[in-house]
Amino acid sequence: MRKLGAIFLATALTLGLAACGGDSGGGQELSDGPVTLRFTWWGSDARHQRTQQVIDLFQKEHPNITVKGEFKDWNGYWESLATTVAANDAPDVIQVDELYLASYAERGALLDLGTATKHLKTADFDAEALATGQVDGKQYALPVGLAAYSMVVNTDLLARYKVTPPDDGSWTWDDLKRIGEQISTASGGKVTGVQAFGFDAGSLNVWARQNGTSLYDDKGNVAIPPAVLAGFWSYLLDLTKSGAAPEASVTIERASASLDQSGTATNASAFGTWWNTQLTSLSAASGAKLRLLKMPGEAGARSPGAYYKPSMFWSVSSRSKHQAEAALFVDFLANDEAAANVLLTDRGVPANTKIRAAITPRLADTDKAAVAYLDTLEVGQAPRVTPNGASGIEAILKRHTEEVLFGRATPDQAAAAFIKELQAEIDGA
Amino acid sequence: MSALGELRSIRGSTRGSPRKRDNRAALVFLLPWFGGLFLITLGPVAASLVLGFTDYNLIQPPEFNGVDNFTRMLSDERLHNALRVTFVYVVVSVPVQLACALGLAMLLDRGLRGMAFYRSAFYLPSLLGSSVAIAVLWRQVFGADGLVNQLLDLVGVQGRGWISDPSTALSTLIVLNVWTFGAPMIIFLAGLRQIPVMYYEAAAIDGAGRWKQFWRVTLPLLSPIIFFNLVLQIIHAFQSFTQAFVVSGGSGGPSDSTLFYTLYLYQRGFNNFDMGYASALAWLLLVIIAAFTAVNFWAAKYWVFYDD
């Protein structure tokens, strides 16, 4: 009930305020007087602490600028950002995810960072990395770190059940299923071979790309053929039915829990799909020896499934009153070595190549493994940025995966429904 | 001067300035409430009515689109599912909840020792039931390794992930709602106290047993209270949000089995940048609740008995 009240309040506020939006500008001249910047991000406690340290460093260098951090959990971050933007009260510096980049950029909520080059330097970024932050040719966001999809394997569990680790240079999806079944059988079901995926865009992207297609075409329409999508779900269903993956309700429960409660972190599954940069958190939670493997099927794939995903971006609100200072702060976050030494790989392996080289000696072993994985991976061209309107793709994907795993829809039905629904969201935006 | 005239003159005198001053004072005291009513309630309500006829993505200014939002509802399958889920939730949980509340109220009405304690103990869930903490607790209790499954394990029954299985997820939310029967129970308890003992005595003398007394005395005399609770709880159940939001992690899952109407509205508005449609949905909900309440009042003529 209180939430509903909040909805009404928000709508009223926005009705009043949306009209008086417009560009408040701010220019690219730094102010001499005191300036307060608001900076919002999502993340874990460890990230909040590191980020606050970086803020302190920045404030020491620029005594007239105060940076106020507003941090949240991923759940709730986007709802809250949407309302603050709607209320014309957006934070000046915003941490943005690839899923939402186009939705905000195409609606004019983000500043074209190309207009802020006086204070924000991007020379140490690869052109390809920079391109991931562009929408319609404009640099609306600066990639912070890079990540790649990977299969995390618990080698301790493999040793316990006497299963030989696969060769990730040549393994196939059938190998994964076969090995997964071996583990489930050997453990008597206490440990399942594979933690089922199908809840994040990463797994679907890899699957589509290995099949020579992609989730979206260049224009931003859904392009994945229904047969490929149905194959994705058939495989998941096979994993579940054969016992390689846990039964559906356990899978669903783990999928909506936090990283710490996942099958990988609790040593309840030997294989799990993750972004390579999550290796450190997973290792800390599980206490077991974890390794990053290339995704199955890469060797025989029609095109490489692997790609660099920008882990997140820095953006500046288009309505910020302090665009110059905001750009200066983003420059500090992206290019300053002292800041990088605090942040390390918490937000992904730095996309800034100079910074990446500078911090590598300081990294823990698991972080070094994550960097090494990224460096040795053969990647294809990055997929198109998630189109405006499709930000909710993971919720749609999750729902249809649930339908399939619980036998409420066949893979073919789910594929048709998924494509129709996602396209409708894109068309409606 | 007759006594009546005297009385009139006394009343006349009080109608003078002091009362006017009282009225003015009352208005001053009411001002904060009026402020809240107009700024926080009526203003936004009016705004959402206007937004219901627009395409509004929260970031760009709203664009008028006529009745598009309402025609879109006709073919919105997730909305139809949300309506189905919400109806099931209301139709099942409210009667069960009221029955539990009435049953316990009658037990407590028999003057147990330590009654104040029991009353508070049974009321407690009502205070907590719609809170986030309890919803989180519910996740734990009905999870695959939760309390319920551990208890079932003791008696040798294989449990399941109650909240992660679409065929049982909604039931756990219904149980949660039933569990918060404290508020209607307190009202029932007050109502039972109002029934004069002599009716029961008379019925007993006429040879009516306990059942008969319940059907012929308690229920008819309590029917206005039942009606009151029914209307209130139905409205309350239609507006349920927190439980489903927390238990399903905001998704209404698994596979939309706990997608309450308000949750769908929230998703459209805040997750899908679809605030115009969400506003229209809010108004549809208002119409649905109003219709249910109207039907309730109409039906009340046939079963509610006013003893006056």
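Glycine is no exception: its Cβ is also placed from the backbone N, Cα and C atoms.
As annotated by TrEMBL, domain 'ABC transmembrane type-1' applies to B:83-296.
Here TrEMBL flags B:25-53 (among others) as transmembrane segment.
Sequence-remote contacts of a segment are chain residues at least 6 beyond its ends whose Cβ falls under 8 Å from one of its Cβ atoms, and for the transmembrane segment (B:87-108) they are 115, 118-119, 122, 170, 173-174, 177-178, 180-182, 184-186, 188-189, 191-192, 218, 222, 226, 229-230, 233-234, 237-238, 240, 260. TrEMBL lists B:87-108 (among others) with the feature transmembrane segment.
Marked as transmembrane segment by TrEMBL: B:120-138 (among others). A Cβ distance under 8 Å defines the sequence-distant neighbours of the transmembrane segment (B:120-138), meaning residues of its chain 6+ beyond its ends; these are 104, 108, 163, 172, 176-177, 179-183, 185-186, 240, 242-243, 245-247.
Annotation comment: TrEMBL describes B:169-192 (among others) as transmembrane segment.
The transmembrane segment annotation in TrEMBL covers B:213-238 (among others).
As annotated by TrEMBL, transmembrane segment applies to B:278-299 (among others). Long-range Cβ contacts of the transmembrane segment (B:278-299) within its own chain (Cβ-Cβ under 8 Å, at least 6 residues beyond either end) map to 48-49, 51-54, 56, 69-70, 73, 79, 227, 230-231, 234-235, 238-239, 261-262, 264-266, 268-270.
Long-range contacts of the transmembrane segment (B:169-192) within the same chain, counting only residues at least 6 positions beyond its ends with a Cβ under 8 Å from a Cβ of the stretch, are 85, 88-89, 92-93, 96-98, 100-102, 104-106, 108-109, 119, 122-130, 134-135, 138, 142, 162-163, 218, 222, 224-226, 228-229, 232-233, 237, 240, 243-244, 247-248, 253-254, 257-258. Long-range contacts of the transmembrane segment (B:25-53) within the same chain: residues 62, 64-67, 69-70, 275-276, 279-280, 282-283, each at least 6 residues beyond the stretch ends and with a Cβ under 8 Å from a Cβ of the stretch.
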